[in-house]
Amino acid sequence: MDPNTVSSFQVDCFLWHVRKRVADQELGDAPFLDRLRRDQKSLKGRGSTLGLNIETATRVGKQIVERILKEESDEALKMTMASAPASRYLTDMTIEEMSRDWFMLMPKQKVAGPLCIRMDQAIMDKSIILKANFSVIFGRLETLILLRAFTEEGAIVGEISPLPSLPGHTNEDVKNAIGVLIGGLEWNDNTVRVSKTLQRFA
């Protein structure tokens, strides 16, 4: 197991504990409390996947954070805040395209790491384009919100979405999932292309 994956989980556990203490003192607003609840479910899922105890991970995470804070000066903190890059949100799809319900005649679903891939195997001999909404940081895809495959007529025939229980996918996870989706659609003699925005960052 990648040690960075473990240490990231440990720090996330401790930071969740700190945020929980803030909520207990009634200092958190509604979005803060909502994120707290969602992140609790996420941490339980990650802990189960990694085989790590959350209480133990929280204690180790506290030690990591305390060590960093001991070395951190106020000036360094100011510089970090000033130089931290902001992520950009890029959209291929409209809100309607993202929220539209769709149905599969021959459904196929596959989980690839932290991503769920769904496609309709009944689709044949179509020209298909992949569109996605995602955030970008440092010139790379940071977080996939949703990817969908559309026919020229606008019908949705495939989708890649993050699993709520396994957040934290990487650029490589997204690339692999796109490869699986394209392979599945091309199997039925469909022609698949990727949007220019997605090509640039994924």
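Counting begins at 1 with the first residue displayed.
The backbone N, Cα and C atoms fix where each Cβ goes, glycine too.
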24-28, 34-38, 69-73, 189-193 - the range that Swiss-Prot marks as motif 'Nuclear localization signal': 34-38
The motif 'Nuclear export signal' (137-146) - residue tally per DSSP class, helix then strand then coil: 0 helix, 8 strand, 2 coil
